[in-house]
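Peer 1: Let me give you the structure first, and then I'll get to my questions.
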């Protein structure tokens, strides 16, 4: 006898229902992975348990991209099928879409922070680990790039400061050389053109009135000769005549 068709219905026993859910969920995840690998298809699988726990599978961990693509496709189809649909319905669908996207982002954020990991399968944990490793590599690469750019900027500023210091030092040396050359030129001019010493100040001597009265005052006659010698000779003759009797008297006294 052949095996009859098993009727599908809800399992009443909670333990059996939980075991069956775990087995079927694992098989479903395996089938989704197989079809994505064998057929090169983009697969997104979302499963909620009866307790509200979320289980998902996505090709290459791109659940958000697949869901956004699905939303665009379904929205375009709805626009083609019912172009005159009510605007309220469109707003309601848009609200539900954004709400689901926000919930997905919040859940991924909790996973990135290491929260709510109990409901994740080993495959999901592996995908999360790969995502974190990739993100960590990007972060380290960006940090290293910023540090490298900062070092290059500091080196550029240092080089500019060194060039400025060199230019200032060169200008200072050139200025010192110019001043030194000017000083040497001034020294050579002073040594080469020595001025005679200034004359000493004149001393005012007090002279006797007799000397002043008898000081010769030469004058020029018509012939261009001075009469100083004639006047001096006349004065000596007068002096000899006046002193001769005195000398004779004294000599007579000594003879007696």
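Glycine residues also receive a Cβ, built from the backbone N, Cα and C atoms like all the rest.
Keep in mind that what you see is a predicted model, and the values were worked out from it rather than measured.
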Peer 1: With Swiss-Prot as the source, identify the stretch among 147-166, 167-186, 187-206 annotated region 'Disordered'.
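Peer 2: Comparing 147-166, 167-186, 187-206 with Swiss-Prot, region 'Disordered' matches 187-206.
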Peer 1: Per DSSP, what is the helix/strand/coil residue tally across the domain 'MADS-box' (1-61)?
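Peer 2: Helix/strand/coil tally for the domain 'MADS-box' (1-61): 28 helix, 10 strand, 23 coil.
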